[in-house]
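Database features (TrEMBL):
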- G455, Q456, T457, G458, A459, G460, K461, T462: ATP binding site (BINDING)
- 1-159: coiled coil (COILED)
- 206-272: coiled coil (COILED)
- 331-358: coiled coil (COILED)
- 372-695: domain 'Kinesin motor' (DOMAIN)
- 720-760: region 'Disordered' (REGION)
Amino acid sequence: MSQLQEELVVLRERLALHDSDRQATTIQLQNQVEHLKEKLLSQAQEVSRLRSELGGTDAEKHRDRLMVENEQLKQELRRCEVELQELRAQPVVPCEGCEHSQESTQLRDKLSQLQLEVAENKGMLSELNLEVQQKTDRLAEVELRLKDCLAEKAQEEERLSRRLRDSHETIASLRAQSPQVKYVIKTVEVESSKTKQALSESQTRNQHLQEQVAMQRQVLKEMEQQLQNSHQLTVQLRAQIAMYEAELERAHGQMLEEMQSLEEDKNRAIEEAFARAQVEMKAVHENLAGVRTNLLTLQPALRTLTNDYNGLKRQVRGFPLLLQEALRSVKAEIGQAIEEVNSNNQELLRKYRRELQLRKKCHNELVRLKGNIRVIARVRPVTKEDGDGPEATNAVTFDPDDDSIIHLLHKGKPVSFELDKVFSPWASQQDVFQEVQALITSCIDGFNVCIFAYGQTGAGKTYTMEGTPENPGINQRALQLLFSEVQEKASDWQYTITVSAAEIYNEVLRDLLGKEPQEKLEIRLCPDGSGQLYVPGLTEFQVQSVDDINKVFEFGYNNRTTEFTNLNEHSSRSHALLIVTVRGVDCSTGLRTTGKLNLVDLAGSERVGKSGAEGNRLREAQHINRSLSALGDVIAALRSRQGHVPFRNSKLTYLLQDSLSGDSKTLMVVQVSPVEKNTSETLYSLKFAERVRSVELGPGSRRTELGSWSSQEHLEWEPACQTPQPTARAHSAPGSGTNSRPGSIRRKLQPSGKLRPVPV
Ligand SMILES: Nc1ncnc2c1ncn2[C@@H]1O[C@H](COP(=O)(O)OP(=O)(O)OP(=O)(O)O)[C@@H](O)[C@H]1O
């Protein structure tokens, strides 16, 4: 029992000890709670201080102040605008030539510039307003966050105080229930540690909040800086606005001054005008008074004038009728006159056409009477080339009473020939041309004409056809005549003249005006079925003047010189043709004519084969003889009007077919050398000429005459020469010559060939 009591005492002591401990702990806890409360309070104060420090209200104030300033600026702007409107509304009196108008325009420009600047500033201000608004929004947000923090803290505080209260109650209940004290103490101990933990947590949170507050402070500082900047900007803008206002004020003042001066000018001008008008009015009044007195005196004159005028008016009214009548009669007279002239013209035209036909008929008749094929002879003079001595003596004489007779003394025997005409060595180029002139003119009328120069080499063929530069031959003169005739007829006819030039050498036809003179040309039938012949590829040049012809000849000559090394010799062995085509259109009737003039310089007719030529020379001679024989055959056939004309026997006759047949006209000029040494060839040439001519002269004997004009005849004709044909009229020639025969073929002395250009 005593042990139990002892134990109870110990327990009581221990309990008392525990009690004192618990009291100490409770006090400690209470102190701690107090301390925490104090801390919370100080923190709340700190927060409120911070709130006040953060200057949420300052910023708001600042913002408000800015807003107020903004509002003021806006009001000022509005006022400025109103003033500007008023200024604009004020009527501007334009005064032309006024020196202020330019200044006024400048001021107006300046004003509009200022307005633009003001608008820009307005924009900037609205931007600043927006910025301030954004900052205010951010401040409100921060404030809201701070409020939330404070509310949280208050809740925490509430919770802690509630727990403290609970602890007190627990302690009190523990005191009341001593058996459970130990347990309670333990619980308190446990709870006390929890409280400590909560405290440390709240301390941590407190620290976090303090950091946030520091951050917010930093943000606020930055915002304050920004606000300060915007404030500075606003100050600047205000200064600018003030400056603009001053400018505006000045402009306004200037404008007012200008307006004032303008007003004054205007008033002055009005006054002056008024004074002038008054003076003028006075003068007008005076004039009026004078006019009135004049009017009184003029009235009778006016009356007579009015009467006159009325009379004239009546006359004028009647004038168109009179005029119309006069015009009608004049028109009728003119019409009648025109009709008369027309009928006269018609009559004249009819007569002209009849005359033309008659002329053509006469011409044709003349040509017919002369013969469609005519043969003339031309004797060349003795030249230096003929040499000296008996061989060069003259063997040709003429009949002084008959210009168609020629006498030749051949090997001592006189032989005479009758041709259509014989030209002595003294005959000029013009004399010869006169004989052929009619033929050329008929070419314009649409006839085909052929003029041949026939004879031995050196007998003067080229001289007759081409002549010399100083003394041109038939070719040049013919073309000249054609041009002048065509020009004469130009009022009624339109003509085109074209020329072609060709050469036949060894029965090969070549174009002398073509780009390829080497090219062999062929004669073909026209594909149009007209039966006409043509030479494909033969160049044709249109000529309008002698100059043109000279150019064409020059071209042809150049072609030949480049082609042949010995042109003179070559030209003696080839036939050269100049083909002139004259195409005409009658302007009144549309009638078309085409005439062709063929001017042919034949190859030398000498009988080379007889003199023992061989090789190329013999071949050339054979070709020449064959073609000349063919020409003789064709002419003979035409004269005897045979059904078949052997045109195709040579290139020459085939090419000239359409110019030798039908109503074509042919003239052969037989060239004769007068000297003794050439009498054999001269005899041969004259016989050939006479035979050509005699075919027509003796119709009964035509058939017998036409036996053969073979190529052999040119080579084997010597016996026939000695015994003249019966149809050839032989006359005794006066005088006599030597019997010598011509020697070798002479070369030409002229530097040119057969197509040498001869200027006229
Ligand atoms: N009627 C004339 N008057 C003056 N000289 C003439 C006459 N006829 C010819 N002649 C001269 O005689 C020479 C030979 O004449 P041309 O050259 O005309 O002969 P050709 O017959 O044409 O010869 P080829 O057959 O070689 O062409 C030339 O010097 C020429 O000037």
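Every residue, even glycine, has its Cβ placed from backbone N, Cα and C.
Here the features listed in TrEMBL are placed on the structure.
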residue: G455; record: ATP binding site; Cβ contacts under 8 Å, 6 or more apart: K461, L602, G604, S605, V670, Q671, V672, S673, S685
residue: A459; record: ATP binding site; Cβ contacts under 8 Å, 6 or more apart: R380, G604, Q671, V672, S673, N678, E681, T682, S685
residue: G460; record: ATP binding site; Cβ contacts under 8 Å, 6 or more apart: R378, R380, Q671, V672, S673
DSSP three-state assignment (helix, strand or coil) for K461 (ATP binding site): helix
PLDDT averaged over every residue in the coiled coil (206-272): 86
Collapsed DSSP category at G455 (ATP binding site): strand
Listed in sequence order, residues not in G455, Q456, T457, G458, A459, G460, K461, T462 with Cβ within 8 Å of the centre of the ATP site Cβ atoms: R380, A453, Y463, S572, G604, Q671, S673
Around the Cβ of T457 (ATP binding site), the count of other Cβ atoms that are within 10 Å: 26
For the binding-site residues Q456, T462, the one whose C-beta sees the most other C-beta atoms within 10 angstroms: T462
